[in-house]
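As recorded in TrEMBL:
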| type | residues | note |
| --- | --- | --- |
| BINDING | 97, 98, 125, 126, 127, 128, 165, 194, 197, 219, 249, 275 | pyridoxal 5'-phosphate binding site |
| MOD_RES | 220 | N6-(pyridoxal phosphate)lysine |
Ligand SMILES: *Cc1c(COP(=O)(O)O)cnc(C)c1O
């Protein structure tokens with residue numbers, strides 16, 4: 001049975017333990033929400049200060065060349081690439097995940113003209129479904145949803161694109177990327193993976209699975225900061241054919257030739273649209289460089305160990321709470337989720353005790369395990385606090401039922 005002594009022993013033996021000191025985590029806080037907003041790397045504030053004062057303040061417009069601002073989207077994409085099984089020139093940092101979804105869904109529909117169906121699953125992350133709906137409203141797409149297990153059967157000759165989130169944001173259940181990508185290809189469809197809850201936390205092999213397209217967030221496990229730019233992946237073999245609809249000048253083959261006619265850049269840069277947000281990219285670069293330095297294998301090993309320990313601690317302190325995440329560590333993301341009809345009030349009562357997890361409507365309590373900075377002891381304290389909150393009934397207090405704008 002899990003114990004505090006065991007947690008401390010695991011922390012002492014943790015090869016990543018030193019990385020925690022590289023983050024600004026408030027003392028006494030148990031932060032299990034790095035899959036919603038990653039913690040602040042200590043290097044970020046210093047780097048932003050330098051970019052603001054030196055590169056912007058002194059270098060001014062010269063910094064586009066001298067400080068290599070113009071290369072930031074590709075440079076950061078290259079750092080992300082090994083985390084997701086891609087080649088450096090296949091990934092670029094730009095825009096939000098939502099905007100990148102729009103660009104890639106549209107591009108996939110163009111590459112499979114004659115087909116209109118975008119297949120996804122009910123309960124996928126809302127923005128993924130809403131982006132399909134937006135293209136449907138324009139008459140460009142037709143949305144089809146099929147439950148897990150029924151996806152292969154729903155792949156027919158009308159499907160242009162299979163769009164799935166690799167790790168489910170609520171339950172943490174992970175799709176079999178290799179099998180579903182192959183099934184989509186066998187049906188003549190392309191596949192687009194949303195890696196928002198995967199990048200930097202679970203093994204991803206886009207090249208090995210022959211995945212076509214992918215997107216993902218910069219502000220979750222990659223620690224890029226609130227609203228950080230996202231990333232886009234396009235397999236090398238599609239670089240000549242892919243055309244995205246937001247044909248801004250930064251995706252042009254020669255942006256500074258200022259010609260009247262659009263010609264897409266030859267490589268991954270054709271996925272760009274407008275001027276890169278340098279401050280946001282500078283923060284993202286610090287986050288991804290640190291995660292890449294730790295390396296995905298070590299992150300995955302720690303994530304699985306944390307998951308196993310949190311499960312054991314929860315079994316001790318809250319044995320009746322239903323865990324909705326898969327038991328097999330290889331089949332889930334870096335999180336554990338639990339179901340309770342009063343999950344919102346529970347999450348608020350936990351926050352009052354200094355344990356930040358997440359509530360996901362209507363009844364999910366989610367604990368994200370960011371392996372770069374979470375300790376086994378954090379998992380212990382979270383489970384103990386939850387046990388106390390349940391036993392005391394303190395979650396029933398009125399103040400814990402008031403919903404804020406962001407939940
Ligand atoms: C967090 C998340 C997003 C967020 O998209 P934004 O455009 O950054 O708001 C998209 N998809 C999934 C699966 C997510 O978990």
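First residue shown is number 1, and so on along the chain.
Glycine is treated like the rest: Cβ placed from N, Cα and C.
All annotation found in TrEMBL is predicted automatically rather than curated by experts.
Overlay of TrEMBL annotations on the structure.
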residue: 97; record: pyridoxal 5'-phosphate binding site; Cβ within 10 Å: 24
residue: 125; record: pyridoxal 5'-phosphate binding site; Cβ within 10 Å: 19
residue: 127; record: pyridoxal 5'-phosphate binding site; Cβ within 10 Å: 17
residue: 165; record: pyridoxal 5'-phosphate binding site; Cβ within 10 Å: 25
residue: 197; record: pyridoxal 5'-phosphate binding site; Cβ within 10 Å: 27
residue: 220; record: N6-(pyridoxal phosphate)lysine; Cβ within 10 Å: 28
residue: 249; record: pyridoxal 5'-phosphate binding site; Cβ within 10 Å: 16
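Straight-line distance linking the Cα atoms of residue 97 (pyridoxal 5'-phosphate binding site) and the residue listed as 'N6-(pyridoxal phosphate)lysine', rounded to a whole number, equals 12 Å. The binding-site residues 127, 165, 249 include none with a CA atom within 10 A of the CA of residue 220 (N6-(pyridoxal phosphate)lysine).
Mapped onto three states, the DSSP output places residue 125 (pyridoxal 5'-phosphate binding site) in coil. For the recorded site, residue 165 (pyridoxal 5'-phosphate binding site), the DSSP three-state label reads strand. Filtering 97, 127, 249 by Cβ distance to ligand 1 (under 6 A) retains the following binding-site residues: 97, 127. For the pyridoxal 5'-phosphate site, whose binding residues are given in the record as 97, 98, 125, 126, 127, 128, 165, 194, 197, 219, 249, 275, the maximum C-alpha distance rounds to 31 Å.
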